[in-house]
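Below is one structure, written out as structure tokens; the observations come after it.
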Ligand code: PHE
């Protein structure tokens with residue numbers, strides 16, 4: 001009731017906690033529990049961690065504040081929010097908003113395929129648990145049919161949550177699933193350190209060897225930071241538009257970034273030691289040429305092989321591990337679908353139900369096209385969206401915030417949840433920082 005009265009008929013997150021869980025839910029995803037640990041593992045461990053932390057602090061956090069603030073100011077979908085920040089730049093806002101919407105839908109179309117594999121592995125571990133190991137071969141064997149079926153199931157789950165709306169769908173599911181994710185992760189971390197070999201992985205993860213530091217590593221760390229905080233695809237502008245006006249945006253953004261980075265860190269704390277525990281059990285983790293096996297081999301072959309060596313307990317650990325991944329993926333995929341859905345309901349004036357069916361349907365078709373032309377399209381779509389599009393859109397957003405949007409309007413917007421902001425260190429640094437340092441840093445890294 002309170003939230004309804006606060007802003008005419010537009011929906012809102014019902015509490016700050018709910019918002020943090022939803023935004024952290026979007027941020028924490030396969031990028032954290034899979035992308036980060038495997039990138040760290042193949043890029044020298046501790047050095048990657050170190051550069052990544054710098055990237056989050058120097059680039060991603062200020063950007064997150066920018067995206068949330070535009071959204072809350074605009075009180076609308078991404079296209080319209082960009083327009084309110086730059087009333088004269090109508091065409092630009094439309095192109096940027098639609099660009100973000102297309103990129104995020106493409107991300108969802110490959111994300112749901114990977115999430116489908118995770119569901120397959122989860123079902124496989126669960127069947128093992130009840131002694132039906134021989135029934136589950138199909139679930140974990142790469143094949144067009146399996147990829148299609150599992151992807152569609154995951155998409156239907158995502159669509160179901162988004163259909164229920166912001167507070168009753170996204171917020172409710174995120175506040176249930178995220179704490180569960182933290183608990184499961186905690187248990188898994190403790191367990192892995194009881195195993196032989198784990199300390200070798202811990203050493204690789206925490207003791208830096210700066211000979212690994214290369215320009216490519218810095219670019220990867222930047223891309224990883226953008227992807228992980230769901231930046232450059234209008235997700236955070238959209239979520240920001242559902243944020244209550246009395247919320248302190250810099251503080252909330254810091255908490256979201258902290259949770260996201262914390263989960264990535266802990267995921268590394270599980271996966272790197274787990275790799276070496278696997279090695280200790282005789283599972284191959286390095287190829288013959290001495291490089292680490294690629295990331296899907298690690299997640300879908302090495303870790304399950306490790307779980308197998310743990311006997312009865314292994315099936316439980318495996319099921320928990322994959323369940324974790326599915327939860328992380330779902331709270332991210334719902335945020336992706338919400339971007340086009342919010343545009344469609346507000347711009348085309350269609351119901352949420354219809355928008356979800358329509359857009360979910362289109363994403364399923366795109367996803368099916370990737371599945372059926374896997375070798376040709378999968379890597380291409382991943383690269384096109386995460387390596388190029390996300391940083392470019394993020395750069396354009398910083399340019400709007402830094403150069404075009406009236407600074408007094410930004411201040412007034414931020415002040416609503418942070419009345420003393422003008423005197424804060426944050427306000428002394430951030431506006432100029434977003435204006436000058438962020439774009440330069442991004443261009444530098446990008447053209448490196
Ligand atoms: N941040 C999510 C992850 O780390 C992925 C994501 C990207 C979510 C873009 C929304 C938008 O997995």
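Each Cβ is built from the backbone N, Cα and C atoms, and glycine gets one as well.
The transmembrane segment annotation in TrEMBL covers 45-70, 91-119, 148-165, 177-194, 217-242, 254-278, 313-334, 355-381, 387-405, 425-447.
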Other parts of the chain folded back onto the transmembrane segment (45-70), taken as Cβ under 8 Å at six or more residues beyond its ends: 23, 36, 39, 81-82, 85, 204-210, 212-213, 217-218, 220-222, 224-226, 228-229, 231-232, 234, 236-237, 239-240, 243, 249-250, 252-254, 256-257, 260-261, 264-265, 268, 272, 394, 397-398, 400-401, 405, 410, 413-414, 430, 433-434, 437-438, 441-442
In the same chain, who gets a Cβ under 8 Å from the transmembrane segment (387-405) while lying at least 6 residues past its ends? 63, 66-67, 69-70, 82, 85-86, 89, 96, 99-100, 103, 222-223, 226-227, 231-234, 237, 431, 434-436, 438-439, 442-443, 446
Under 8 angstroms for C-beta pairs, at least 3 of them, ignoring pairs fewer than 6 apart in sequence. Is the transmembrane segment (148-165) in contact with the transmembrane segment (217-242) by that rule? no
Go through 91-119, 254-278, 313-334, 355-381 and flag the stretch with the largest number of C-beta pairs under 8 Å relative to the transmembrane segment (217-242). 91-119
List, by number or range, the same-chain residues at least 6 past the transmembrane segment (177-194) whose CB is under 8 A from its CB atoms? 21, 24-25, 28, 202, 263, 266-267, 269-270, 273-274, 277, 317, 320-321, 323-324, 327-328, 330-331
Checking 254-278, 313-334, 355-381, 425-447 against the transmembrane segment (91-119) for Cβ pairs under 8 Å, the most are found for 355-381
Counting only residues 6 or more past its boundaries, what in the same chain has a CB within less than 8 Å of a CB in the transmembrane segment (425-447)? 58-59, 62-63, 65-66, 218-219, 222, 250, 391, 394-395, 398-399, 401-403, 407, 410-411, 414
Against which stretches of its own chain does the transmembrane segment (313-334) lie, if we need a Cβ under 8 Å and a gap of at least six residues from its ends? 22, 25-34, 108, 111-112, 114-115, 118-119, 121-122, 125-126, 128-129, 154-155, 157-158, 161-162, 169-170, 173-174, 177-178, 180-181, 184-185, 187-188, 191, 230, 263, 303-304, 306-307
